[in-house]
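Peer 1: Sequence annotations record features per position, and here TrEMBL assigns region 'Disordered' to 117-137. Sequence annotations record features per position, and here TrEMBL assigns transmembrane segment to 28-50, 57-77, 83-107, 163-184, 204-224, 236-254, 260-282, 294-313, 325-347.
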């Protein structure tokens, strides 16, 4: 996270002195994008190790940061650009990004991930002491050296590609890929649709702030709902993204300021809540120990729709001459995500499904006790 925070700063800092879009793609897109990617995954994954009973609420609380940022920063960026110009604004934002390094210093390695390394080092130290006391032979010393080499280089896979053989993981991957495609499209669709109707930058800043404000209100509430086990988590997110898709399809028939406000509210509540369900659903098909690798593989899967969602929305607008089909395609993709989440149990082996239901019922009974 510290390295990621520095790369985010470096990319933004270099962008302030770049005047060509091709170089902006390198500095802002590649360097800063790599840095923010290094920050996102550890911060989002580590919280799952700190909490168990109220894990969904904890994740929702962590994600309040993105909601608060969405409320505050559109107005901050607008003021910085008006006062300092684009270059000065980017320099100020790059300096703010360095605070990520300070926050990263507060993160502590979860005991589940550090336990193996600690126990191996303790075992090594005890064997070294016994070796000095008993004066082992050179043959024993060679064995110990080999053991130390094995300890110093534990083999831990970067990605668990074996998860791709699990039908549930594939279905969840498709669902989250569709969800994130529809969600990120909104940050092009809302400003574009507003400008076509003659609205100015201040109105657009209001819409984006409404999205962030509703994230702040909705995510803790959704976390409490997910922790309650009244409704299965996959059904919650399935219903949320489906509602978001329906509203996206309907919006082009309702022009004006207030329909866009209502749509911004719905984006913050419904599609904006899907991020917190990624680790929650992954923990249904993998162990907590393997969550970082599973989360990394899922991030790898959803990176493609993140990259193409906004250009695709703009391409459809150029092709059709309006934003209507961009909204409809985004809504249809969101509906597909809802179908994937709701129908995921149909792709599980019956044996695994029964085991999961048994475990879920036992967990609920333990929580009640």
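Including glycine, each Cβ sits where the backbone N, Cα and C put it.
Annotations in TrEMBL come from automatic prediction, not curation.
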Peer 1: Could you pull out which residues elsewhere in the chain have a CB under 8 Å from any CB of the transmembrane segment (83-107), counting only those six or more residues past its ends?
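Peer 2: For the transmembrane segment (83-107), the sequence-distant neighbours (Cβ-Cβ under 8 Å, at least 6 residues beyond its ends) are 1-2, 4-6, 8-10, 12-13, 15-17, 39, 42-43, 46, 77.
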Peer 1: Taking residues 6+ outside the transmembrane segment (204-224), which of them lie with a CB under 8 Å of any CB in it?
Peer 2: 54, 56-61, 63-64, 66-72, 74-75, 78, 186-187, 190-191, 194-195, 236, 240, 260-261, 264-265, 267-269, 272-273, 276
Peer 1: Same chain, outside the transmembrane segment (236-254) by at least 6, Cβ under 8 Å from its Cβ: which residues?
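Peer 2: The answer is 175, 178-179, 182-183, 186, 189, 193, 222, 225-226, 260, 263, 266-267, 269-271, 273-274, 277, 281, 322-324, 327-328, 330-335, 337-342.
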Peer 1: Do any residues, 6 or more residues outside the transmembrane segment (163-184), come within under 8 Å Cβ-to-Cβ of it, and if so which ones?
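Peer 2: Contacts with the transmembrane segment (163-184): 237-238, 241, 244-245, 248, 267, 271-272, 274, 278, 281-282, 284-286, 294, 297-298, 301-302, 304-306, 308-310, 312, 330-331, 333-334, 336-338, 340-341, 343-344, 347-348.
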Peer 1: In terms of Cβ proximity under 8 Å, which residues at least six beyond the ends of the transmembrane segment (260-282) contact it?
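Peer 2: Same-chain contacts beyond the flanks: 44-45, 48, 55-56, 59-60, 63, 66-67, 70, 169, 172, 176, 179-180, 182-183, 186, 190, 193-194, 206-208, 210-215, 217-219, 222-223, 226, 233-234, 236-237, 240-241, 243-244, 247-248, 251, 291, 294-295, 298, 334, 337.
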Peer 1: What residues elsewhere in the chain lie close to the transmembrane segment (28-50), defined as a C-beta under 8 angstroms and at least 6 residues from its ends?
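Peer 2: Cβ under 8 Å, 6 or more out: 1, 3-12, 14-15, 58-59, 62, 100, 104, 107, 110-113, 275, 278-279, 283, 288, 291-292, 295-296, 299.
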